[in-house]
């Protein structure tokens, strides 16, 4: 019998062993040559820590608040589609794990369990992720269902006017799973003999004319706070502030959209500086260790979101696998904070990390 995984990366290998190749490739893959996918992880590895010593770390407090909701650690669950392809209990298992870990799950617009199934599965703070379809009436119905079912915020994904070129999905002729949320609203059937059925569905339904006016429209259909997911530049960060959104998620869609988009950790500081404390900045992409969480916080993020590791935990061990993944990251963050001399998140500062940019400046001294 294989030993129990001791870190998040080991869950990926377990998931690869249990999932059909088509599904594993869908979850693990990125766009085109997958440079952004790889860089999301490698960019973290180029940031070094500057630990402070002889500080009382006998009590470590990792708790924080996001939009006023308290969570046990700054590690949230990113929206990932089609979770029943990974495990029969799908998003319901992930929701229960998030509740057990006392953190916030963002439910994907393209979930395989319904909004109602997830909300009735357990009591917890949850956010709802939204793509804008050409038929906005369908989006409005889904957002209003989420609001009625106790979801606390809308996460609008803004980096997908079209789907990135995910070549493994094309080769595998990736299926388009049935989405129960849309039963009676939109057909998941697509007339595509070749390539990815998901790509064909998105081409047919996603609104590629989406622009900043959509935020005004979204405000008109819901009173929930709106976070924008997919910001990578100071220019768009400033526009987000002007648009009056409640928060920003620095994201490149896990390297699945535009290849050669920068690693999120590399542009986090640029976005944080542009926002100037006017709204919270979160980040996803490439978080695999507690040290990654620490680095993101040091560079100004209020929290991170994890996507693929959650899917790998779900595929390998269901709800318990997701709990294990979140707990591993929390335990690693706790020891990183202790060894860096940071008893609370407020103690984590820019001086606790050294980036490539800092190295260049240091070498000039």
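Cβ coordinates come from backbone N, Cα and C, glycine included.
Pulled from TrEMBL:
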DOMAIN    1-358  domain 'FMN hydroxy acid dehydrogenase'
BINDING   26, 131, 166, 253, 256  glyoxylate binding site
BINDING   79-81, 108, 129, 157, 229, 251, 284-288, 307-308  FMN binding site
ACT_SITE  253  active site, proton acceptor
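Residue annotation for glyoxylate gives 26, 131, 166, 253, 256. The furthest Cα pair among them is separated by 19 Å. Cβ environment of residue 308 (FMN binding site): 12, 27, 28, 80, 254 lie under 8 Å away, each six or more residues apart in the same chain. Separation of the C-alpha atoms of residue 253 (glyoxylate binding site) and residue 284 (FMN binding site): 8 Å, rounded to the nearest whole number. Comparing the Cα of residue 79 (FMN binding site) with the Cα of every entry in 26, 131, 166, 256, these being the binding-site residues, the smallest distance points to 131. For residue 129 (FMN binding site), the nearest neighbour among the binding-site residues 26, 166, 256, judged by Cα separation, is 256. The binding-site residues in question are 26, 131, and the one with the fewest Cβ neighbours inside 10 Å is 131. Sequence-distant neighbours of residue 284 (FMN binding site) (same chain, six or more apart, CB under 8 Å from its CB) are 78, 229, 249, 250, 251, 254, 264, 304, 305, 306, 307, listed in sequence order. Averaged across the domain 'FMN hydroxy acid dehydrogenase' (1-358), pLDDT in this predicted model comes to 93.
Within the same chain, residues at least six positions away from residue 81 (FMN binding site) with a Cβ under 8 Å of its Cβ are 108, 109, 110, 111, 112.
The Cβ of residue 286 (FMN binding site) lies under 8 Å from the Cβ of 39, 40, 41, 43, 44, 263, 264, 265, 292, each of these being in the same chain and 6 or more residues away along the sequence.
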